[in-house]
Amino acid sequence: MVIQRNSILLLIIIFASSISTCRSNVIDDNLFKQVYDNILEQEFAHDFQAYLSYLSKNIESNNNIDKVDKNGIKVINVLSFGAKGDGKTYDNIAFEQAWNEACSSRTPVQFVVPKNKNYLLKQITFSGPCRSSISVKIFGSLEASSKISDYKDRRLWIAFDSVQNLVVGGGGTINGNGQVWWPSSCKINKSLPCRDAPTALTFWNCKNLKVNNLKSKNAQQIHIKFESCTNVVASNLMINASAKSPNTDGVHVSNTQYIQISDTIIGTGDDCISIVSGSQNVQATNITCGPGHGISIGSLGSGNSEAYVSNVTVNEAKIIGAENGVRIKTWQGGSGQASNIKFLNVEMQDVKYPIIIDQNYCDRVEPCIQQFSAVQVKNVVYENIKGTSATKVAIKFDCSTNFPCEGIIMENINLVGESGKPSEATCKNVHFNNAEHVTPHCTSLEISEDEALLYNY
């Protein structure tokens, strides 16, 4: 009931903002945070952030065999269930038995993966619901099996399914051994059919989740995915793969509500962060991205599907040497809406397309046919974005003829070419609510006469 009452409050705030000024079309971040924190605190009758911090404390000796510590937390160590951690022996059975013990515990649990060891794992799923809260401490390294035949479900390697009140951290490394998979990608070898490769770490249907202080490298495909989750805090992540690795998104957010991603460094061969349909109330703060394809909303609307993303704020990002900076990408033929999106305080360095909306996205070998419908893009704010573009076109709005981009606000934008050379903006079917101090800017031929009056260069 608490969630329902607060959700109604949040909807009232959204509605009120939509009938106010142009700028208020996007929810005020401080107000959003107040409501978000209030939902968490009332739902669990305590300070949720303090609760997460308490569960995340490192135990002093992470090689101890199972015990109950002085705080009443049961410590379950995978070594006591037979894990070898030698990088040669599969440790799935030990991990599964340890998880079953942890998940059935009536008291809070620390699930410990000790340091200085390399645990070889086939495909594995840690399933809930569990009886109590669990903090998974990965101090060592988890290494994926390099045998493709070990993956009956090609969509995942490590997954947490329907686990509530979960913390995952410890500073260890998740190594997907993606080098085994990448050559078989249709993006590397265009003669091959396009097939899934596993996501290294998937959280599905998890509520009240914290993922903190982890390293992920060389994922088979996506590094970390949050799917159908609610109330997520992800921070202090280090994610890296080759710039030429296919589809290796850093953090992928799908159908997830109330998620905060912060203090994270990502360099991959695809989107640093990708936010797709069903996601709402997403905040990404202090993100370093590059190489990769930037921070993206989408893609949305593929296969003529309906897609919705709303209330997304990207604040304080540094994007270096990436294909794109901040991007919204939708396919022709889709429907739905991407709305109430903010890109604030972003520094670009040698980025091919620093600001881009692409409503004609086509990520396949064969050409995409022209279609009438499109996902509507509206109420997007770009504010305090500066830096250098690796190409002449620093701002690219390629919006739909039938469903143009609406309610676009740009303030304090300064993007130049290499060595300070002038850059350009290309703007098709875009309608502005305001544009102040924007370099480069759309030409008078690309926008209406009324919109031209909004510009204050």
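Cβ atoms are placed via backbone N, Cα and C, with glycine included.
So that you can see what the record holds, here are the features copied from Swiss-Prot:
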- ASP270: active site, proton donor (ACT_SITE)
- HIS293: active site (ACT_SITE)
- ASN189: N-linked glycosylation site (CARBOHYD)
- ASN240: N-linked glycosylation site (CARBOHYD)
- ASN286: N-linked glycosylation site (CARBOHYD)
- ASN311: N-linked glycosylation site (CARBOHYD)
- 228-255: repeat 'PbH1 1' (REPEAT)
- 256-277: repeat 'PbH1 2' (REPEAT)
- 309-330: repeat 'PbH1 3' (REPEAT)
- 338-359: repeat 'PbH1 4' (REPEAT)
- 1-24: signal peptide (SIGNAL)
For this session: For ASN240 (N-linked glycosylation site), list the number of other Cβ atoms lying within 10 Å of its Cβ atom.
Result: 20
Exercise. Rounded to a whole number, how many Å is the Cα of ASN286 (N-linked glycosylation site) away from the Cα of ASN240 (N-linked glycosylation site)?
Worked result: 17
Exercise. Restricting to the same chain and to residues at least six past its boundaries, which positions have a Cβ under 8 Å from a Cβ of the repeat 'PbH1 4' (338-359)?
Worked result: 14, 25-27, 29, 290, 294-295, 297-298, 300, 307-330, 332, 374-391, 393-400, 403, 405, 413, 415, 418, 430
Problem set entry | For ASN189 (N-linked glycosylation site): DSSP state (helix, strand, coil) | coil
Problem set entry | Spatial neighbours of ASP270 (active site, proton donor) among the recorded positions ASN189, HIS293, ASN311 [C-alpha, 10 Å] | HIS293
Problem set entry | Candidate with the highest Cβ count within 10 Å, taken from the glycosylation sites ASN189, ASN286, ASN311 | ASN311
Seminar exercise, completed: The rounded CA-CA distance in Å from ASN311 (N-linked glycosylation site) to the residue listed as 'active site' is 21
Exercise. Can you check what DSSP calls ASN311 (N-linked glycosylation site), collapsed to helix, strand or coil?
Worked result: strand
Exercise. When the repeat 'PbH1 4' (338-359) is classified with DSSP, how many of its residues are helical, how many are strand and how many are coil?
Worked result: 0 helix, 21 strand, 1 coil
For this session: Write down the Cα-Cα distance for ASN240 (N-linked glycosylation site) and the residue listed as 'active site', rounded and given in Å.
Result: 13
Seminar exercise, completed: Within 10 A of the CB of HIS293 (active site), the number of other CB atoms across every chain shown is 26
Exercise. Could you state the CA-to-CA distance between ASN189 (N-linked glycosylation site) and ASN240 (N-linked glycosylation site) to the nearest Å?
Worked result: 22
For this session: Pull the DSSP breakdown for the repeat 'PbH1 2' (256-277) and write it out as helix, strand, coil residue counts.
Result: 0 helix, 14 strand, 8 coil
